[in-house]
Amino acid sequence: MDCYRTSLSSSWIYPTVILCLFGFFSMMRPSEPFLIPYLSGPDKNLTSAEITNEIFPVWTYSYLVLLLPVFVLTDYVRYKPVIILQGISFIITWLLLLFGQGVKTMQVVEFFYGMVTAAEVAYYAYIYSVVSPEHYQRVSGYCRSVTLAAYTAGSVLAQLLVSLANMSYFYLNVISLASVSVAFLFSLFLPMPKKSMFFHAKPSREIKKSSSVNPVLEETHEGEAPGCEEQKPTSEILSTSGKLNKGQLNSLKPSNVTVDVFVQWFQDLKECYSSKRLFYWSLWWAFATAGFNQVLNYVQILWDYKAPSQDSSIYNGAVEAIATFGGAVAAFAVGYVKVNWDLLGELALVVFSVVNAGSLFLMHYTANIWACYAGYLIFKSSYMLLITIAVFQIAVNLNVERYALVFGINTFIALVIQTIMTVIVVDQRGLNLPVSIQFLVYGSYFAVIAGIFLMRSMYITYSTKSQKDVQSPAPSENPDVSHPEEESNIIMSTKL
């Protein structure tokens, strides 16, 4: 029996199933679409101003403060302890949400929820430490799909219970507490990884290429962004550099290894962001994600402002379910659309940023709750479609380690931007704007993003046309020779 359990645990199926079960129950939270009616209702008796200006900003600030330390800690302790910590934070969040009272307690709730969101990196990174590379794509798809399915199922369940069974919002939170508690139990059964991406990367793998050749200096393959060639994790580089063997690596002090890892991170990020293509897609990712998170934080308050939950039937659960499902379908469809994203990608950023701005303006100006719901559906679906394209454009030429770094830094920059918006627009120490005016600001924000990338798209189109005119009289030129004027146009040469 022990042999069977050991062989099962060592395969990729067992950790994938356990992780997916954790992901499902941690995201199956039917109380989520009805959080604002619960907080402003008789259970908590909080005002809209208290929720908007005093409670919700705490999540943004705590997420920003915790993200980078948790990102480093996740790799250092090899993922599982941070996943368990996330499960504990989930339970504390919902216990306080159920039985706590007052603004201060709800601010503590937001702090622990910031811990939950900061620890999400462990859920997505864990699988790369226990699954062989040939299963990465499949398993990553499972993990992401199950969270979308769980969120959709939770939203549908919530709407059915509220509309048909007239269930109290309090009991929706009881169901959420039970669900996240089950997720915590599943986290205890995850196998402990023997390696991680950076601090505990295995140094004993065979190196196919000669260690005397620096991969950064090798000729870039056609279609790869300069400086973003696939590179080995730090500890593997140390062990294969000809200066340190495995025994010497093990004898290094942990502080030295930590410094080496941070130095390698800095070098990797510097090389990756030197690619203009990756830089501009990352720029859109950071700015758009900041705006998207801000809208998600406060959209329920806007709905409650347009149609108060005490006076009318609300359909937040149905809207969230449709929006999530529609976004997932749009993101899935991207893989089957034959488009040269290198040529039209930034134009797509312009078009959909305009769509996002228009949907937010609609949500601000309309007095009809159904039009407000429709604007949100359009906004969320278009963002999920574009973020899928952006992730692919960024990750296509990066290995897992470099993608994790770029993802972490992009998320951190998005949080910095979101924090600045929160301080200026939302916080009581800033402008303290009412929620309806906030959405006018967010719509203007996406309009500015569209304007920036419109100018960038026009510049690329003009540069490409000029370059073709220059190259056409000289067809005998060596196509492998890089021209100085092509540097700003490097995205045109990428193969998908």
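Even glycines carry a Cβ here, placed using N, Cα and C.
For Asn45 (N-linked glycosylation site), applying a Cβ distance below 8 Å and a minimum sequence separation of six or more within one chain yields no residues. The N-linked glycosylation site annotation in Swiss-Prot covers Asn45 (among others) and rests on experimental evidence.
The Cβ of Asn166 (N-linked glycosylation site) has 7 neighbouring Cβ atoms from other residues within 10 Å, across all protein chains displayed. Per Swiss-Prot, the feature N-linked glycosylation site maps to Asn166 (among others); the stated evidence is sequence analysis.
Per Swiss-Prot, region 'Disordered' is recorded for 468-496.
Look at Swiss-Prot and you will find Gln86 (among others) tagged as site 'Essential for pyridoxine transport'. Just so you know, the Cβ of Gln86 (site 'Essential for pyridoxine transport') picks up 26 other Cβ atoms within 10 Å once every protein chain is counted.
The site 'Essential for pyridoxine transport' annotation in Swiss-Prot covers Gly87 (among others) and rests on experimental evidence. In the three-state DSSP scheme, Gly87 (site 'Essential for pyridoxine transport') is classed as helix. Counting Cβ atoms from all protein chains shown, Gly87 (site 'Essential for pyridoxine transport') has 24 others lying within 10 Å of its own Cβ.
Residues annotated as site 'Essential for pyridoxine transport' in Swiss-Prot, with experimental evidence given as evidence: Ile91 (among others).
Taking all protein chains in view, 23 other C-beta atoms sit within 10 angstroms of the C-beta of Thr93 (site 'Essential for pyridoxine transport'). Annotated site 'Essential for pyridoxine transport' per Swiss-Prot: Thr93 (among others), in sequence order, evidence recorded as experimental evidence.
Sequence-distant neighbours of Trp94 (site 'Essential for pyridoxine transport'): residues of the same chain at least 6 apart with a C-beta under 8 Å from its C-beta are Ser31, Asn173, Ser176, Leu177, Val180. Look at Swiss-Prot and you will find Trp94 (among others) tagged as site 'Essential for pyridoxine transport', backed by experimental evidence.
For Ser168 (among others), the entry in Swiss-Prot reads site 'Essential for pyridoxine transport', with the evidence type experimental evidence. Following the DSSP three-state reduction, the secondary structure of Ser168 (site 'Essential for pyridoxine transport') is coil.
Taken residue by residue with DSSP, Asn173 (site 'Essential for pyridoxine transport') is part of a helix. The Cβ neighbour count for Asn173 (site 'Essential for pyridoxine transport'), using a 10 Å radius over every protein chain in view, is 23. Here Swiss-Prot flags Asn173 (among others) as site 'Essential for pyridoxine transport'.
If you look up Swiss-Prot, you'll see 1-7 (among others) marked as topological domain 'Cytoplasmic'.
Summarising the annotation, Swiss-Prot assigns topological domain 'Extracellular' to 29-53 (among others). Packing against the topological domain 'Extracellular' (29-53) from elsewhere in the chain are residues 94, 97, 101, 103, 106, 151, 154-155, 157-159, 161-162, 168-170, 172-173, 175-176, 179-180, 298, 300-301, 303-305, 309-310, 314, 316-317, 319-320, 426-428, 432, 435: each is 6 or more residues past its ends and has a CB under 8 Å from a CB in it.
Annotation comment: Swiss-Prot describes 75-81 (among others) as topological domain 'Cytoplasmic'. For the topological domain 'Cytoplasmic' (75-81), the list of distant contacts is 122, 125-126, 129, 187, 190-200: same-chain residues at least six beyond its ends, Cβ to Cβ under 8 Å.
Per Swiss-Prot, the feature topological domain 'Extracellular' maps to 103-110 (among others). Within the model, the topological domain 'Extracellular' (103-110) shows a mean pLDDT value of 97, rounded to a whole number.
Residues annotated as topological domain 'Cytoplasmic' in Swiss-Prot: 132-144 (among others). Residues 12, 16, 19-20, 23, 123-124, 400 of the same chain lie 6 or more positions beyond the ends of the topological domain 'Cytoplasmic' (132-144) yet place their CB under 8 Å from a CB of it.
Here Swiss-Prot flags 166-169 (among others) as topological domain 'Extracellular', drawing on sequence analysis.
Sequence-distant contacts of the transmembrane segment (343-363), counting only residues of its own chain at least 6 positions beyond either end whose CB sits under 8 Å from a CB of the stretch, comprise 280-281, 284, 288, 291, 295, 299, 302, 371-372, 374-376, 378-379, 382-383, 385-386, 389, 393, 439-440, 442-447, 449-450, 453-454, 456-457, 460, 464, 491-492. With a 10 A radius on its CB, Ile91 (site 'Essential for pyridoxine transport') counts 15 other CB atoms from all the protein chains. Using a 10 Å radius centred on the Cβ of Ser168 (site 'Essential for pyridoxine transport') and all shown protein chains, the other Cβ atoms total 15. Scored on C-beta pairs under 8 angstroms, the neighbour of the transmembrane segment (406-426) with the top count among 82-102, 145-165, 170-190, 376-396, 435-455 is 435-455. In this structure the alpha carbons, written CA, of Gly87 (site 'Essential for pyridoxine transport') and Thr93 (site 'Essential for pyridoxine transport') are 10 Å apart.
With Gln86 (site 'Essential for pyridoxine transport') as the anchor, the candidate recorded positions are Thr93, Asn166, Ser168, and the one with the nearest CA is Thr93. Remark: the transmembrane segment (145-165) makes no contact with the transmembrane segment (54-74), by the rule of 3 or more CB pairs under 8 A. Residues 12, 15-16, 19, 22-23, 26, 58-63, 65-67, 70-71, 74-75, 78-80, 82-83, 85-86, 89-90, 92-93, 96, 139-140, 143-144, 190-191, 193-197, 400, 404, 408 of the same chain lie 6+ residues outside the transmembrane segment (111-131) yet bring a C-beta within less than 8 angstroms of a C-beta in it.
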